[in-house]
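Asks: Have a look at the structure that comes next, please.
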Amino acid sequence: MQPLNIYNTLAREKQPFVPIEPGKVRMYVCGMTVYDYCHVGHARVMVVFDMVHRWLRAAGYEVTYVQNITDIDDKIIRRAVENGETIGELTTRFIQYMHEDAAALGVIRPDHEPRATDYVPQMLDMIGKLEAKGLAYQASDGDVNYSVRKFDGYGKLSGKSLEDLRAGERVSANDAKQDPLDFVLWKSAKASEPPESKWDSKWGAGRPGWHIECSAMSCALLGEHFDIHGGGADLQFPHHENEIAQSEGASGKPFVNLWMHNGFVRINDEKMSKSLGNFFTIREVLKAYDAEVVRFFILRAHYRSPLNYSDAHLDDARHALTRLYTALKDSQPGGCAVDWDEPHAKRFAEAMGDDFNTPIAMSVLFDLASEINRTGSTAAARQLKGLAGTLGLLERDPHTFLQGGKSADGPSPDEIEKLIAARKAAKAERNFAEADRIRAQLLEAGIVLEDKPGGATEWRRA
C-alpha cells in the first residue's frame, strides 16, 4: 500500500489514513439532488472524489464507493408540479443527464448509487431508534424533529458551539419545534402534495427529511462505522453535522473516521449564483471546452482550495493538456503499467500521498513530458501515460485529442484537410506565398501544421 495522509475535517489536521479493515476502504460521498442539470460545482465534486477513488485503488486498496441520489425533496416536488409531470418522470430524466455528464468527465460509476426513495424503510427504522432514545420527538405540526441539544457531540465537525449557532442557519425557524436548532427527520404530508411524495409511517403520512436520507443509506450499504465520508464544503454544516448526530445517536458508535470536503467553485472571482448571472451547467461548459480539459482544470487545483472558473483558466488548462498529449503523439509506450520504483513515479506517489496534492503530482507529468521531448524516451512515455491514467487523464489517442479540441468558431476537420491539400498543391506549383498564406490562415484559426519527412502534414488545434 502507498502511504497516505489525508486532511480530516473532523480533526482539523492531516492524519495517516488507517482503514478500519486492512486493505479495504468504505467511502460515501453526498451526490446530486436530481431536479435540474448539474452545474460546475457538481462537476468538481464528481471529479474530485473520482480522483480519490482512483488513487485509493492505485494505492492498492479494495474500495467500496457509494454516492447517493436525492430523488425526493421540496425542490423536486415543486419542479414536477410546475412541469405537470410525475416526480418519477422528472428524476429519471435528470439522473440520466447526470450520468451522461459524469461519463463525459471521465468519472467511474460508483459501486452503489442508492436513491433515497428506495431506502425509506431504513430511514423510518433509524428515526424510530432516535425517538426511543429520547433524541427525536413529534411536534404539534406532525413533523418528527431531532432534539439537537440532547446530542452531546453536536458541533464537533463544524467547530460550532450551540451558543454560537444562529437559529435558522439553513434551518427554518418553526414555532412547533422545541428548540429553533432542532431539524426535521420526517416531514408530515400536506394535502396539496402529490401522492407519490408520501409514505405511511407510525407518525402519519409524510416523507423523510434531507439529512436522514444520507445517514440511512450510508449505514445500510457501508455499515454503522466506515472509513471516509466526502462532499462539498457547503455540506459541512448543517448537513454533515446532522448526519453525525443522527447516525451516532441511533447506533451509539462512531459514524465516520475521516471527513473530506472539497472547496468552493467561484466564477471570475465571484460566488456562483443564478442571481449574478454566472451560473453554468456542465453541458454549457462542454459546448465550449473538451471534457478532459475541464477535468484537467479541476484537478490542477488542490481539492480543498477554492477553484476559480474563468475562460482564461480553461484556455490555459487546454494549452497545458495539449503539451502533454503532444509529448505522447510520436511515442509508442507499449502499455501504461507504472514502474513505482522510478524517481518520477516516487515523486508522484509522494504528492498524492500528501492529501491528494494533484498540483504537485501534475508537475511531475510535465517533467516527464519534457524528458520525452528531449530524449524520445519510450520508458518516460509509458510512465507519463500510466501516472496520468491514475488521475483519469491522457487515456485517449493523442492525435484524436490534438485534432478534436473544442472551438466554437474553428474550422472542421474536413475544412482543415481541404486547406492542407490546397497548401500542398500550392507548394507543388512552387507558389510558396500561397502556401504560407494558407498556413497563416490556419494558425489564425488556432490550427498548427507540422510538416513531416516524405511530404505528409499533421495538424493539431493550438
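For all residues, glycine too, the Cβ spot is worked out from N, Cα and C.
OK, Swiss-Prot features for this one:
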BINDING   C30, C214, H239, E243  Zn(2+) binding site
MOTIF     32-42  motif ''HIGH' region'
MOTIF     271-275  motif ''KMSKS' region'
BINDING   K274  ATP binding site
Asks: Give me the long-range Cβ neighbours of C214 (Zn(2+) binding site): same chain, 6+ apart, Cβ under 8 Å, in sequence order.
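Replies: Listed in sequence order, they are Y28, C30, N68, H239, E243.
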Asks: Work out, from DSSP, the number of helix, strand and coil residues along the motif ''HIGH' region' (32-42).
Replies: 3 helix, 2 strand, 6 coil
Asks: Count the other Cβ atoms sitting within 10 Å of the Cβ of E243 (Zn(2+) binding site), across every protein chain shown.
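Replies: If we count other Cβ atoms within 10 Å of E243 (Zn(2+) binding site), we arrive at 27.
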Asks: Using an 8 Å cut-off from the Cβ centroid of C30, C214, H239, E243, can you name the remaining same-chain residues around the Zn(2+) site, in sequence order?
Replies: W210, H211, E213, S215, H229, G231, L235, H240, N242
Asks: I want to verify one value. Collapsing DSSP to three states, which class is C30 (Zn(2+) binding site)?
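Replies: In three-state terms, C30 (Zn(2+) binding site) counts as coil.
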